[in-house]
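Worksheet: the structure to be examined is printed underneath.
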Amino acid sequence: MGNEASYPAEMCSHFDNDEIKRLGRRFKKLDLDKSGSLSVEEFMSLPELRHNPLVRRVIDVFDTDGDGEVDFKEFILGTSQFSVKGDEEQKLRFAFSIYDMDKDGYISNGELFQVLKMMVGNNLTDWQLQQLVDKTIIILDKDGDGKISFEEFSAVVRDLEIHKKLVLIV
């Protein structure tokens, strides 16, 4: 490969070498302070994310080591979930992880409230939003434990074909 960087196999699961190189160039452009990782502010410089109310949650999900920034490996692994070659299960798990803020494998009433609050802002009162959250939990919670498991989440979301919309063209 000469002077070109090689990447661990687990980083390349859904991208070919040309796509990795393009993502590498994009990462370098985004890394304004040349630190080797992307801060929230650097992520926000992406026009397609600037006005996304869930951008901080996306960054939290990408940031697998929890240091508050996204390094190149985390960037590749995170964006890989949006690859057209990515599978339905992986995309559903990513969508679930946006809501599962404490990473315990369940979406609690409080987590659903927080994420929906990010999306609706002040368009609903907290009382209205809580009513929506409570109804959603009642409908999706098939085993009656008061929270939504991945299986309960995916049973509903799979039918909406969300995985077909979670695509990034590299």
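Glycine is treated like the rest: Cβ placed from N, Cα and C.
According to Swiss-Prot, the Ca(2+) 1 binding site annotation covers Asp31, Asp33, Ser35, Ser37, Glu42. Taken from Swiss-Prot, the feature Ca(2+) 3 binding site covers Asp100, Asp102, Asp104, Tyr106, Glu111, and the record attributes it to sequence analysis. Look at Swiss-Prot and you will find Asp141, Asp143, Asp145, Lys147, Glu152 tagged as Ca(2+) 4 binding site. Annotation source Swiss-Prot lists domain 'EF-hand 1' at 18-46, citing sequence analysis. Annotation source Swiss-Prot lists domain 'EF-hand 2' at 50-85. The domain 'EF-hand 3' feature in Swiss-Prot is assigned to 87-122; the stated evidence is sequence analysis. Residues annotated as domain 'EF-hand 4' in Swiss-Prot, with sequence analysis given as evidence: 128-163. Summarising the annotation, Swiss-Prot assigns N-myristoyl glycine to Gly2. Under the heading site 'Interaction with PxVP motif in substrates of the catalytic subunit', Swiss-Prot lists Met118, Asn122, citing similarity to another entry as support.
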Exercise for the section: Select one residue from Ser35, Asn122: among these recorded positions, choose the one with the most other Cβ atoms within 10 Å of its Cβ. Expected result: Ser35
Handout entry: pLDDT averaged over every residue in the domain 'EF-hand 3' (87-122)
Key = 92
Problem - Per-residue Cβ crowding (10 Å cut-off), top of binding-site residues Asp33, Ser37, Asp100, Asp104, Lys147 - result: Asp100
Exercise for the section: On the DSSP side of things, how many residues of the domain 'EF-hand 4' (128-163) fall into helix, strand and coil, could you say? Expected result: 26 helix, 2 strand, 8 coil
Completion exercise
Reduced to three DSSP states, the domain 'EF-hand 3' (87-122) has 24 helix, 2 strand, 10 coil
Handout entry: Cα proximity to Asp33 (Ca(2+) 1 binding site), best match among recorded positions Glu111, Met118, Asp141, Asp143
Key = Met118
Problem - Secondary structure at Glu42 (Ca(2+) 1 binding site), reduced by DSSP to three states - result: helix
Exercise for the section: For Tyr106 (Ca(2+) 3 binding site), find which of the binding-site residues Asp31, Glu42, Asp143, Lys147 come within 10 Å, Cα to Cα. Expected result: Lys147
Practice task
Counting other Cβ atoms within 10 Å, pick out the least crowded of the binding-site residues Asp145, Glu152.
Solution key: Asp145
Completion exercise
The correct DSSP tally for the domain 'EF-hand 2' (50-85) reads 18 helix, 2 strand, 16 coil
Fill in the blank from the handout: Fewest C-beta neighbours within 10 angstroms among the binding-site residues Asp31, Glu42, Glu111, Asp143 belongs to Asp143
Problem - Length of the line joining the Cα atoms of Asn122 (site 'Interaction with PxVP motif in substrates of the catalytic subunit') and Asp143 (Ca(2+) 4 binding site), in Å - result: 32
Problem - In the chain carrying Asp102 (Ca(2+) 3 binding site), residues 6 or more apart in sequence that have Cβ under 8 angstroms from it - result: Ser108, Glu111
Completion exercise
Of the recorded positions Asp104, Met118, Asp141, the one whose Cα sits nearest to the Cα of Asp31 (Ca(2+) 1 binding site) is Met118
